[in-house]
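Residues or ranges marked as transmembrane segment in TrEMBL: 35-57, 181-201, 207-231, 243-265, 271-290, 369-388, 400-421, 428-446, 458-478, 490-507, 519-538. Here TrEMBL flags 115-543 as domain 'Major facilitator superfamily (MFS) profile'. Under the heading region 'Disordered', TrEMBL lists 627-671. According to TrEMBL, the compositional bias 'Low complexity' annotation covers 632-646.
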Amino acid sequence: MSYLSVHSIAIETRPKRMELDSALEQLGHWGKFQLISYGLLCVPIVFHAVFYLTYVFTAMQAEHRCLIPECEDPLQTEFRPPWLTSAVRFDAGRPAGCHRYEAAPGAVLPDNGSCVASMFRSDVEVACTQWVYPKPTLSIMSEWNMTCDGNSHWMLSLVGTMNNVGRLFGMPMAGFVSDRYGRRTILLLGLGLAGVMGMLRSYATNYIFFLVFEFLDPLFNAGLYSASFILGMELMGPQKRVMWSAFTHSVYAVGEALLGGVAWALQDWRWILRAFYGPAILSLAVLWILPESVRWLCSKGRTKDARIIIRRAAVMNKMSTKQLDLEEMKASIAEEAKAKKAFKDDYTEDTPSTWWALKETFKSRVLRVRLLTCSFCWITNTFVYYGLSLNSVSVSGNLYLNFMLVCLIEVPAGLVTWMLMERVGRRMSMCASLVLTGLSCLAFLLMPDTEVWQWIRIATYLVGKFGITVSYTVLYVLTAELFPTNVRHSLFAMCSAFGRIGSIIAPQSPLLNRIMESLPVILFGSMSLISGLLALVFPETHNTKLPDTIEEAENIGKAKGGSGGDGPAANGGSGDVIVDVTGDRKYPVKKTSVTARPTRISVTSMSGRPTKKTSVCSLGTVQVTVPEKGSTTPTAAPALPQAAPTENSIGSDLVSPKSPVAEPETVTVHL
């Protein structure tokens with residue numbers, strides 16, 4: 001039992017209108033309309049996964065050796081002829097890539113056409129002037145001879161960095177377009193422009209040409225995944241959104257593995273690009289039938305378009321449109337939009353600025369430490385996550401198969417993450433997964449690189465990728481639960497922005513192989529272990545109410561029982577609530593649900609400035625049983641606990657409704 005005393009509320013006695021969530025629930029989740037929509041949304045998700053990592057193969061390091069003009073024709077070469085050991089030094093079973101033995105004076109090719117050791121001076125090496133590759137068009141490195149030049153290695157790694165820089169600029173632009181012009185708009189526009197950029201890149205004639213379009217491609221495709229994810233969420237009812245999250249993560253991993261398979265089959269960087277960017281442009285003809293987000297249409301006041309989509313969905317699912325009561329839903333949506341606008345205006349007048357809220361937040365030592373720790377964990381997760389994918393092609397064995405396995409391990413990792421968060425909690429899930437990643441990376445280094453240990457090393461590497469995938473998924477949820485409501489999105493974006501540092505420098509990690517072959521994996525393992533231990537600094541947020549104030553954020557995990565909340569009612573669960581209806585009479589009510597309907601309530605701020613006024617929305621929905629007129633026996637209110645005020649004690653006595661009540665009835669109160 002908890003006590004709720006509010007300054008003012010509105011009591012609604014008319015029949016409840018059909019709201020959007022109710023309509024979506026009645027439409028179902030697995031009808032023909034939904035299945036077609038989900039299937040279409042998988043298309044841009046797969047393309048986004050491919051576009052993100054094409055540079056792994058277009059700018060990959062290709063095996064190479066010197067051309068030996070004394071022994072072979074430049075137009076007809078074999079990468080490993082039998083006589084090669086006489087002309088080139090071998091390291092770890094591979095021919096040296098940048099040097100060859102000097103030809104002996106007066107050396108003559110034998111009549112049988114096969115070079116012999118006497119033709120070369122094995123004690124003197126000279127630099128190559130021409131090179132031989134297993135396949136000349138394997139990557140831009142082999143086609144443009146980016147081999148032994150001192151700048152070649154960082155130029156190749158710069159391709160991946162430029163891809164992530166383009167994505168860094170493209171993501172906020174995509175978010176603006178999506179919110180302003182629609183989810184479907186950014187999907188079609190982004191996919192079309194990215195397809196054109198990719199096709200132009202496949203015809204690049206030099207490195208600068210290639211690099212410019214490597215930047216422009218992610219600048220336009222950065223919003224494909226997020227727009228697809230949000231559009232799917234907004235087509236669903238509330239109960240199926242977690243399933244959609246796990247499903248899209250698995251589809252994304254399958255898209256990455258598909259890239260590895262196609263690259264394996266083609267082994268030509270130009271045709272790898274054309275194999276994906278060409279179909280991406282053609283797919284627009286099919287994606288044109290994808291419906292716009294109904295919620296976005298309603299938020300923009302386009303209720304007519306929203307009802308057309310819902311009516312079409314009902315027809316496709318063989319459902320009567322009369323069941324949906326679309327006219328009632330139209331009125332409900334219009335009322336919601338009007339209430340949100342009124343709340344927004346009031347919030348603008350009464351609420352302190354975001355800058356002031358951030359300033360107050362940074363005064364908290366607890367939240368400063370939490371922000372720094374969270375930012376380091378973001379850098380670690382992005383660096384290790386993408387670093388393990390990029391370095392998988394350098395692990396012994398088939399590089400294409402290794403890449404596909406590293407991508408496919410994300411499917412089970414994504415599916416088990418939600419179960420771990422619910423059963424083990426956020427903090428321990430993140431700590432354990434990061435420690436698992438760190439130990440796997442270090443164990444990988446201790447295993448000998450021999451054919452006997454090959455599959456054991458690959459399995460250990462996959463365990464590391466499994467762990468970092470779990471950690472990365474948990475980090476998204478944990479970050480959103482650690483900070484106060486009025487600065488939650490700002491601090492989440494700040495941590496994510498720091499995380500981009502990891503994804504930008506990850507493509508540079510292969511350069512560390514030139515210093516020490518095992519150095520990248522050592523760095524992955526050590527950073528994972530450090531972040532795993534730092535994760536213990538975070539409070540446990542499982543089954544806790546999202547903090548609304550700085551004090552609540554600081555006290556997460558400190559409340560008795562570890563709930564960190566104010567009881568079932570405060571957390572949106574069921575439970576009895578006492579509402580003061582007349583100022584001195586109290587009636588028991590039943591809290592039935594939490595709604596998104598805002599209510600303007602002037603309260604004293606809990607954020608450290610007692611004189612500052614703010615507004616509260618979405619406290620919930622309650623049902624009040626009002627006694628018949630003339631009744632003088634109210635239900636007694638229980639004794640209030642002697643404790644510090646909580647968010648449920650947020651105002652003065654409730655104002656009575658002006659119109660008399662003729663008979664006992666149950667009314668709905670939106671708080």
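Glycine residues also receive a Cβ, built from the backbone N, Cα and C atoms like all the rest.
Because the structure is a prediction, the values reported are computed rather than measured.
The highest tally of CB pairs under 8 A with the transmembrane segment (243-265), across 271-290, 369-388, 428-446, 490-507, 519-538, is held by 271-290.
With a cut-off of 8 Å between Cβ atoms, the residues of this chain six or more beyond the transmembrane segment (35-57) that come close are 139, 159-160, 163, 167, 187, 190-191, 194, 198, 214, 217-218, 221, 224-225, 227-229, 231-232, 235, 247-248, 251-256, 258-259, 263, 269, 272-273, 276-277, 280, 283, 286-287, 289-291, 316, 389-390, 393, 403, 507. Mean model confidence of the domain 'Major facilitator superfamily (MFS) profile' (115-543) amounts to 83 (pLDDT, 0 to 100 scale). Here the transmembrane segment (369-388) has Cβ contacts under 8 Å with residues 406, 430, 434, 437, 461, 464-465, 468-469, 471-472, 475, 478-479, 482-483, 491, 494-496, 498-503, 505-507, 509, 520, 523-524, 527-528, 530-531, 534-535, 537-538 of the same chain, all six or more residues outside its ends.
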